[in-house]
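Peer 1: Quick paste from TrEMBL:
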type: COMPBIAS; residues: 155-175; note: compositional bias 'Acidic residues'
type: COMPBIAS; residues: 176-188; note: compositional bias 'Low complexity'
type: COMPBIAS; residues: 457-466; note: compositional bias 'Low complexity'
type: DOMAIN; residues: 218-322; note: domain 'RNase III'
type: DOMAIN; residues: 360-424; note: domain 'DRBM'
type: REGION; residues: 1-38; note: region 'Disordered'
type: REGION; residues: 152-194; note: region 'Disordered'
type: REGION; residues: 450-481; note: region 'Disordered'
Amino acid sequence: MDKKRKHGDQEVPLSSKKSRSEAGSAPSGGRRKRKEKTATSYQYSQVIQLEHAVTKLLESYKCIMKLSPNLKVYNEVLENQDKIPVQILPALSRYKLKLAAEMKSLQEVNKMNLFQEFVDFETHFEEDDTKKDPIVSELTSKDVKKLVAKNVDYNDSEDGNNSSCEEDDDDEDSYDPLSNSKSSSNSKWPPKLPQIKDPAIRARVFIHKSTIKDKLYLTEPEMINAHNERLEFLGDSVLNTVMTMIIYNKFPRFTEGQLSKLRMGLVSNERIKTWSFLYDFDKHLKTNFDVTKDNACFQQGKRKLYADVFEAYIGGLIEDDPKHNMPKVRKWLSKLAKPIIEEATQSDVDLESTINVDLNAKRQLYSLIGYAALNLHYVTVKRPTADEPNTVVECRVGDGTTLGAGAGRNVKIAGLRAAQNVLQNKPVLEKYASLRAAIPRTESVVKKEEMFKNKKNNSNDSKPSSGGAIKLNSKGEFFVE
């Protein structure tokens, strides 16, 4: 029987003759060709990444077992948080310490056998002459046969699973609660206004203090509850909190400064006033002074009262029915904020999202293709200007060849994106990974003695150098042109 070793979602045939004969009887079409292409062999850069990942997995597990207390100790710490250093407290609100404690607990009660088998895998692998049969006890030969049988329709099942997992995000604090479909009825603008059911509260929202202050027959409590200032106070707090939660949840990598700047654009008087006009709140507001176009002084002013009435409406919704209206307010404000956030994050370089920036991109790239003689480095080719606020960085090698480029609000982000750009270029990775593998270790490092000698000779030579430029050839060797 021809056995195959399973690698991730691919089969690696260990008997090429039988694999070719079986491939000939497979169903025709693009899917078969795609499988043949991916199942024939590993890619060199792929192997490097896999081995690195397995090494880190085992190292991390050993580190957790060495450092972490068990769950009993963890729970005691939770019950005595006032006695532990303050810098440790934030970590207790995250999941990692508890997961480590549970893993340690499983190991102490001998229920972590699978991971222990992973740790001992190398030893058993060396003892296995065939290198074909499963080593992990949970994986049997029968299981392998099942995996091979399922693999025939793997692409179909994978696509089905992916589509079934795609669900609309209906989180109340979600940045984008709407469907992206332009044909959806939810795409209408402006978003539907939540209604205040209590007519007294609804009326108070649109009563300005100027209409009440001359009503001397009203007691102070009656006067306070006759206009919209208290509702404005409540609405202002709710608006700030909701907008804070929207951007806080949407942008987990934003700094406090970035979040503050983005929120400022969402809760400014000018922004709120625009939303107030959107729902004609200005036409319903009752005041005791002239707010018409004839009053030039008022029209030229900030007209803050229109922003105030919008906040008062939010406060009215919460006072009317806090339990049911709070979720409605969150979704409503999320829809209003959506285009503002999109515009700000696309036009303001300070608010550029780094959620897709891999902080380890440079290190990963060097681990795949880098060596001393290659001289992998990053060059800033464009600095920010008033017209173009982005920095552009190129990833280059010693002979000046540019492997990739990236842009960002600063040199660090642009450099990381340049490394990511190279990592996404599989042909370039394969080329330089193969060059690195072909160079002997003794030739992949520039010898310090030679560098020192050359430096000394150059410093003693008072005449201009008559030699040519030093360059790097395809084998990673320096030569004088």
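Glycine too: its Cβ is placed from the backbone N, Cα and C atoms.
Predicted, not measured: the structure shown is a model, and the values here were computed from it.
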Peer 1: Restricting attention to the domain 'DRBM' (360-424), give the mean pLDDT.
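Peer 2: So the average pLDDT across the domain 'DRBM' (360-424) works out to 90.
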Peer 1: With DSSP helix as H/G/I and strand as E/B, how many residues of the domain 'RNase III' (218-322) fall in helix, strand and coil?
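Peer 2: Going through the domain 'RNase III' (218-322) residue by residue, I get 76 helix, 1 strand, 28 coil.
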Peer 1: Is it possible to list how many residues within the domain 'DRBM' (360-424) are helical, extended or coil according to DSSP?
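Peer 2: Reading the DSSP string over the domain 'DRBM' (360-424) gives 25 helix, 19 strand, 21 coil.
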